[in-house]
């Protein structure tokens, strides 16, 4: 004990000396470099967009009217991997650039969207405009029927609707839709088996405190509209829903005006929805907290023209896309590509509840656009002050929009060592700083804010993390006990699943790879030395996932099974297959609902924790932004990707789900907190580095000689 105490005191004294190193907050600067080649995934320029828009209008005779034949969206169509690899690896030509356009044809009785490919760019009046089919596998590739409301919108109908339901809204809330005293949340516009089209609306109280809190203010009353006709003057109210009962318009009017009717308790806006500072302040919280600083020039290189980054042994390109947000391409580690593409595919939120709108609610956030929803970051809060801030861009119907400071890049200390060891016998202690390089972006989609991180580590690992905040979409509390907790006067937290699907196209020593599966299992065995006595222990069961038939995978309950993308044709010098293992580092879920009534075939990619398929140029994405319009025959039905093909030494793609089962509670008010609503996946070298842990080459480590006297 005496020796231990003396040793400990000596160690503390030595470390205390090292901590006296002066720290200077010097302004950071970017190290500018030139990328090895053009960024073939770069977003459309304004000039490219203008050319595409002009040729579409010219060749398809388009207008700008809301319900007519018009452009809905134009954005960049990423090149095929096969073409890019010819360019990157075989000195081929740079792939030609093409645009994708979604065009609404609103003139037919049943309007529809048609996808087009335009190019090569730059476009002129003679540039080819042809239906885009190859990325889609629906029955009618590249064509999606839409409801009358989706084509025409609801704004023109609002004055008429307000007048029709005024007797109800006056009686219940002493206001009208036209007056703005109440509003509503739109449900899902649906095609029905009898050829009608309907939609539910859930009434909301208005936010009055200057905060975006309307989703916390449900009023417990819903109505269903028939929207079959292309003329909104023919739309009408089909049903009302209140207090777990369905009413016809006539019966609901009679009920509301009956002498014994009890109006629903309203959710009323107030300080409880505000994120302004409230009293009393935390103890000593008025003092300045610790703050991360940069002590010198940035330790990464950047080509801002091509969106190319180098950090330590890593390099990669990034690109922002209207639908999917920020993606990474051609991730190289130690001069070898390890990931061709790392990208968000869909951000799905599936709700449940007793009322029609939450019961039917499935939000496909690429429909809104994760890139369109990228926001300007708040320096010092969303990212460190010393981070590098970059703009992003997205294209829509009318042009290219620049979002300033939408991406941040920075290094940070993880506040725990990457590795360490103290040896009393040999008289030393060693430790290495765990420095992480982060590429961060945030998308605010309606009421929710999603923070995404791509993290790079000294040990060759990459992590993808997502955190959620913002205002929950609440439900009315009456009758909703099986779907949420009562969290305010008349408010229930509406249970929902968040599922964020990522594509990870790994290339380990080339494109031809396999999936190694290793399971830790209990074992009872007799060893030659155990003299016939059984020994209870454990062992490794090694194998491979050889077919797409077996590649719909859920994480083992105790994480006893690990999966690694390996190259069986390039064993290391010890005879093991080099690879990158992938695993969850935070809660990572799949969709709870089986055979979702509201999601149909549009969300098969969310039904397991991960999938592994052969890479194909005609299967570039797990989902499409327009899948929600026709869930029975979506543009991309992911289930069709799983057609039993071999996974033995093929070009493989992982489709990995992150997210959380969210049951809101009182602490979700006013906003959900990111410390609990988060998920993460890690890709890490596994028998990939023959020389061992690469961090031994880092200058950010110390070896301290200990004195025992």
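The backbone N, Cα and C atoms fix where each Cβ goes, glycine too.
Under the heading active site, proton acceptor, Swiss-Prot lists 365, citing similarity to another entry as support. Contacts of residue 365 (active site, proton acceptor) defined by a Cβ separation under 8 A and a same-chain sequence distance of 6+ are given as 346, 347, 348, 349, 373, 443, 445, 450, in order along the sequence.
The Cβ neighbour count for residue 408 (disulfide bond), using a 10 Å radius over every protein chain in view, is 20. Residues or ranges marked as disulfide bond by Swiss-Prot on the basis of similarity to another entry: 383-408.
Using a 10 Å radius centred on the Cβ of residue 448 (active site, schiff-base intermediate with substrate) and all shown protein chains, the other Cβ atoms total 23. Feature annotation from Swiss-Prot assigns active site, schiff-base intermediate with substrate to 448.
Taken from Swiss-Prot, the feature Ca(2+) 1 binding site applies to 505, 506, 507, 651, 652. Around the Cβ of residue 651 (Ca(2+) 1 binding site), a 10 Å sphere holds 19 further Cβ atoms from the protein chains shown. Under the DSSP three-state reduction, residue 651 (Ca(2+) 1 binding site) is assigned to coil, being neither helix nor strand.
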Next item on the list: Using the centroid of the Cβ atoms of 505, 506, 507, 651, 652 as reference, list every other same-chain residue with Cβ within 8 Å of it (recorded Ca(2+) 1 site), in sequence order.
Entry: 339, 340, 508, 511, 513, 565, 615, 653
Margin query: I need the nearest neighbour of residue 505 (Ca(2+) 1 binding site) among the recorded positions 383, 408, 448, using C-alpha distances.
Written below: 408
Next item on the list: Using C-alpha positions only, work out which of the recorded positions 383, 408, 448 is nearest to residue 651 (Ca(2+) 1 binding site).
Entry: 408
Checklist line | Nearest-integer angstrom distance between the alpha carbons (Cα) of residue 448 (active site, schiff-base intermediate with substrate) and residue 383 (disulfide bond) | finding: 18
Note to self: Measuring Cα to Cα, how far is residue 652 (Ca(2+) 1 binding site) from residue 408 (disulfide bond) in Å?
What the structure shows: 30
Checklist line | Cα separation, residue 383 (disulfide bond) to residue 507 (Ca(2+) 1 binding site) (Å, whole number) | finding: 31
Notebook entry, point to check: What does DSSP say about residue 505 (Ca(2+) 1 binding site): helix, strand or coil?
Noted result: strand
Margin query: Check the DSSP secondary structure of residue 383 (disulfide bond), expressed as helix, strand or coil.
Written below: strand
Next item on the list: Look up residue 365 (active site, proton acceptor) in the DSSP assignment and report helix, strand or coil.
Entry: helix
